[in-house]
Amino acid sequence: MSKIVKVIGREIIDSRGNPTVEAEVHLEGGFVGMAAAPSGASTGSREALELRDGDKSRFLGKGVTKAVGAVNGPIAQAILGKDAKDQAGIDKIMIDLDGTENKSNFGANAILAVSLANAKAAAAAKGMPLYEHIAELNGTPGKYSMPVPMMNIINGGEHADNNVDIQEFMIQPVGAKTVKEAIRMGSEVFHHLAKVLKGKGMNTAVGDEGGYAPNLGSNAEALAVIAEAVKAAGYELGKDITLAMDCAASEFYKDGKYVLAGEGNKAFTSEEFTHFLEELTKQYPIVSIEDGLDESDWDGFAYQTKVLGDKIQLVGDDLFVTNTKILKEGIEKGIANSILIKFNQIGSLTETLAAIKMAKDAGYTAVISHRSGETEDATIADLAVGTAAGQIKTGSMSRSDRVAKYNQLIRIEEALGEKAPYNGRKEIKGQA
């Protein structure tokens, strides 16, 4: 019943109007799984390769017909007749056939779309929701939790055309009792933030991830307007709602220094920038900082972990790129204490589950994440629940590509009830 009988790849459009790969995996008995690969803007240099055509006459060179061709050709031929329930086996066939370290032959976008579509098809054949199938693949059947959202309500950096250096300013509704309540709290703060910004004569256009992208005078001002919005929404900052930031520091790392336009083009050393962040954590209840230094600045990260690692969650995104080899090295060297998990940085479900397991076994937290280029595919919601990861980062309270994931979490919570607790603050490293 779970034998693969047909594989289809197609070029679809993502939330930025760029092409991406969608795949369908059809099984005996009429079961079908469909999934699409996301795409990042600020990318780590060691991510698996997203294969683009480079033909400037189509989609400004961003077409994915080569990756789609790989799905419809060699990948389909290799997995036809195989058992979709053997996820690790299917992923291994594709990875081995690609034959490169970074999946540059077929493209991580091709392999990932098929990998996720295969998991969905297998779940359908087993007559179970995707999160339940993922929990079984993860070796943790029946163990679920609802993730605490990191809601990106002010966008800067590569995600917005403004003078804010830090890429994301997020809220985490840690005081909620359920994910549904957390989403309501996030929505209320989001709407109050619009009022605060309008009251200051600021722009309320949104960035790639649905957060506002106002022209603020400094990075600290972004935190100040969020604090104002939290209060206006009737919540207590630090108790009901905590703050998180994604610096994406590689984007403003120039010649060994961190150059911040929002701080008057001041250049910081690794140590100075760490203390700049430390000062912000003293002024505001920031409990999580992602990519607080450049991905190659491991000495700086060791220092940052020493200074801040006992107090707050330090998340590695560009730093670790969902790669177990790099994460293992980071764990051994005491770098950061959390990993951001992005399917397409590594390119298959099996490797993604391995990264989550390695992180958890080492006492690191794992934050499941979207990319800035997304589709209506909500697989990351099921991944977060099925691995009991504890945290999810999937944008703001606008744009249907972001909201699709929140709505899926609401549905899953309704189905699981008390079997999937929302643990709030306890999920965040250093906050239990």
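For all residues, glycine too, the Cβ spot is worked out from N, Cα and C.
Database features, via Swiss-Prot:
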| type | residues | note |
| --- | --- | --- |
| ACT_SITE | Glu209 | active site, proton donor |
| ACT_SITE | Lys342 | active site, proton acceptor |
| BINDING | Gln167, Lys342, Arg371, Ser372, Lys393 | (2R)-2-phosphoglycerate binding site |
| BINDING | Asp246, Glu290, Asp317 | Mg(2+) binding site |
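Positions of Swiss-Prot features highlighted on the structure.
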residue : record                               : Cβ contacts under 8 Å, 6 or more apart
Asp246  : Mg(2+) binding site                  : Asn152, Ile166, Gln167, Glu168, Met170, Ile289, Glu290, Asp291, Val315, Asp317
Lys342  : active site, proton acceptor         : Pro38, Gly40, Asp317, Val321, Thr322, Ser369, His370, Arg371
Lys393  : (2R)-2-phosphoglycerate binding site : Pro149, Met150, Asn152, Met170, Leu340, Val367, Ile368, Ser369, His370
Sparsest-packed among the binding-site residues, when each Cβ's other Cβ atoms within 10 Å are tallied, from Gln167, Ser372:
Ser372
In the same chain, outside Asp246, Glu290, Asp317, whose C-beta lies within 8 angstroms of the Cβ mean position for the Mg(2+) site?
Gln167, Glu168, Met245, Cys247, Ala248, Ile289, Asp291, Val315, Gly316, Asp318, Leu340, Lys393
Ser372 ((2R)-2-phosphoglycerate binding site) to the residue listed as 'active site, proton donor': how many Å between their Cα atoms?
6
Would you count the other CB atoms within 10 A of the CB of Arg371 ((2R)-2-phosphoglycerate binding site), including those on all shown protein chains?
28
Looking only at DSSP and grouping its letters into three states, which state does Arg371 ((2R)-2-phosphoglycerate binding site) belong to?
coil
Report the residues of the chain - excluding Gln167, Lys342, Arg371, Ser372, Lys393 - with C-beta within 8 Å of the mean position of the site's C-beta atoms, for the recorded (2R)-2-phosphoglycerate site, in sequence order.
Gly40, Ala41, Ser42, Glu209, Asp246, Asp317, Leu340, Ser369, His370
